[in-house]
Amino acid sequence: MLYHETFDVIVVGGGHAGTEAALAAARTGQRTLLLTHNIDTLGQMSCNPAIGGIGKGHLVKEVDAMGGLMAQAIDHAGIQFRTLNASKGPAVRATRAQADRALYKAYVRNVLENTPNLTLFQQAVDDVIVEHDHIRGVVTQMGLKFHAKAVVLTVGTFLGGKIHIGLENYAGGRAGDPPSIALAHRLRELPFRVDRLKTGTPPRIDANSVDFSVLEAQHGDNPTPVFSFMGKREHHPRQIPCYITHTNERTHDVIRANLDRSPMYAGIIEGIGPRYCPSIEDKVMRFADKDSHQIFIEPEGLTTTELYPNGISTSLPFDVQVQIVRSMKGFENAHIVRPGYAIEYDFFDPRDLKQTYETKYIHGLFFAGQINGTTGYEEAAAQGLMAGLNASLYSQDKEGWSPRRDQAYMGVLIDDLSTMGTKEPYRMFTSRAEYRLLLREDNADLRLTEKARELGLVDDARWARFNQKIDNMAKERQRLQETWMNPNSVGVEQLNTLLKTPMSREASGEDLLRRPEMTYELLTTLPAFAPALEDAEAAEQVEIQVKYDGYIQRQQDEIEKSLRHEHTKLPAELDYKQVKGLSNEVVLKLNAAKPETIGIASRISGITPAAISILLVHLKKHGMLKKGEAA
């Protein structure tokens with residue numbers, strides 16, 4: 001049976017990738033349908049109740065800068081906010097917030113239900129409609145057909161999902177939800193490379209059964225950092241602490257004694273787990289020299305007693321989980337509310353994706369989130385936003401867009417995935433970006449909001465706020481450049497108390513701000529440079545831009561050099577066997593990857609600078625180089 005309405009974009013799955021994808025497509029004016037197996041789980045935090053962290057917070061800020069939802073949702077649901085790496089340079093500072101799961105989910109659903117151009121419908125999808133390598137729509141569990149020009153699959157861990165607790169296992173998409181078996185079988189019929197990954201989650205604990213008096217409390221920052229560029233502290237709910245406990249030798253003995261009952265160590269789980277979020281049994285075996293591991297006790301919300309013990313993700317049997325939990329200080333009488341488990345699921349090799357998240361083999365079909373081999377809410381949200389945007393552009397017969405590596409962590413993410421692929425769940429870190437001094441949390445809007453406005457993602461309120469900030473920054477920098485002091489100026493005594501060496505020659509406000517010991521806050525206490533900007537974000541940008549000017553300029557020069565051939569197109573039909581001088585290995589890799597540009601080709605493992613030079617000569621010889629792209 002065909003549904004009575006056609007759509008431009010269909011999004012399958014209502015997690016962190018799906019919600020951002022649906023909102024992006026709808027914001028750009030396309031009739032969008034979001035299909036989910038259960039409307040009550042839209043925006044659900046399936047694992048840890050937190051958003052952000054090193055690399056991840058950067059992605060959240062970028063999603064926000066492009067009009068996305070995640071940062072605003074956590075600003076309305078965050079019950080503890082912290083700035084990580086606060087004592088380090090601005091490039092690696094990152095925001096992280098604990099979330100009230102219920103508040104987060106409610107905020108997401110409210111936005112979805114009130115977004116123009118967006119229709120929600122509760123039905124699992126069992127099939128995709130493909131004709132002549134083009135997507136035409138989807139078929140739901142009850143045989144209902146929906147037609148659209150573009151389809152975005154954001155199916156999380158549901159494809160062929162299998163839940164493991166000890167040596168027992170059963171089909172499931174996550175605890176309490178059915179897997180997507182029919183769709184998994186259907187997708188395996190399509191010409192994609194598919195494999196298995198696994199992830200896990202710890203048992204949840206009843207706070208009423210924990211002795212907090214013996215635990216170390218960990219409080220958030222005061223004043224609390226704000227995630228969204230449109231956010232305010234007044235949006236934050238009541239703030240509460242987290243707690244810290246540790247595993248001990250007794251814990252480790254319990255784990256070692258029961259390894260034969262672990263599905264991972266018994267060889268039942270084939271999928272590879274996340275390297276940077278290992279299970280407790282993995283930690284004990286991999287770091288055998290450690291007699292203790294720190295465990296963060298994270299509240300799941302203001303109106304629940306459930307606790308999330310971050311650091312003891314496990315798939316060991318339930319009786320062993322009880323022993324592990326009760327071996328830790330403060331948890332001697334702990335009651336487990338939900339058992340921990342591992343989940344194994346299908347993912348598709350992201351090297352089969354274009355940089356727009358469109359699949360190379362089925363036109364109009366886009367993948368985002370864990371289906372691409374990533375882990376984490378933030379990575380999912382970033383992919384969802386870009387896939388939704390590009391599905392919208394595709395449905396309008398417009399050229400797709402994705403940021404470069406030097407423009408955004410979102411650019412690093414898709415470039416890493418589509419050129420190198422992944423064998424384990426991929427997590428974002430600041431260390432993955434070559435140009436991280438330019439890719440800071442604080443300047444995500446300066447990097448992306450203007451482009452997002454051009455693409456139709458940014459509303460008038462955000463655009464007005466952005467332009468006000470730009471204006472404030474420009475005026476303040478001009479003021480500091482034009483305001484001078486010399487050793488004889490009024491107020492120089494006060495200035496000298498702030499400097500390591502007394503002032504010996506005339507200097508502008510910007511000259512003084514470049515000094516390591518000087519901050520914008522200190523500088524504007526001096527009468528000559530008062531008053532400070534009321535716009536705290538603009539003030540922060542002024543300080544960073546002035547202090548790091550030389551380093552920033554150096555990175556921009558490097559980028560300009562590397563960009564010379566970044567976007568030089570490689571014809572899709574090019575047979576690399578016909579390119580004289582390429583080794584057999586290079587030919588095989590290029591024919592398998594079919595890179596869209598010289599830049600992408602250069603980042604494929606095993607493709608040498610010499611091979612790139614040969615390609616450029618070939619393109620020039622056949623008149624395929626544009627003016628200014630000389631080989």
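Here the Cβ of each residue, glycine as well, is placed from N, Cα and C on the backbone.
Take the CB of Gln370 (FAD binding site) and look out to 10 A: across all protein chains shown you find 29 other CB atoms. Summarising the annotation, Swiss-Prot assigns FAD binding site to Gly13, Gly14, Gly15, His16, Ala17, Gly18, Val125, Ser180, Gln370 and lists sequence analysis as the type of evidence.
All protein chains considered, the CB of Phe287 (NAD(+) binding site) has 12 other CB atoms within 10 Å. According to DSSP, Phe287 (NAD(+) binding site) is assigned to coil rather than to any helix or strand. Annotation source Swiss-Prot lists NAD(+) binding site at 273-287.
When the binding-site residues Arg275, Lys283 are compared by the number of other C-beta atoms lying within 10 angstroms of their own C-beta, Arg275 comes out lowest. For the binding-site residues shown (Ala17, Met285), fewest C-beta neighbours within 10 angstroms: Met285. Long-range Cβ proximity for Glu281 (NAD(+) binding site), meaning a same-chain Cβ under 8 A and a gap of 6 or more residues, is found for Ile255, Leu259, Ser262, Met264, Tyr265, Thr314, Ser315, Leu316. Closest to Gly273 (NAD(+) binding site) by Cα-Cα distance, out of the binding-site residues Gly15, Ala17, Gln370, is Gln370. When the binding-site residues Gly13, Gly15, Gly273 are compared by the number of other C-beta atoms lying within 10 angstroms of their own C-beta, Gly273 comes out lowest. In this structure, the CA atom of Gly15 (FAD binding site) is 20 Å away from the CA atom of Cys277 (NAD(+) binding site). Of the listed binding-site residues, namely Val125, Cys277, the sparsest Cβ surroundings within 10 Å are found at Cys277.
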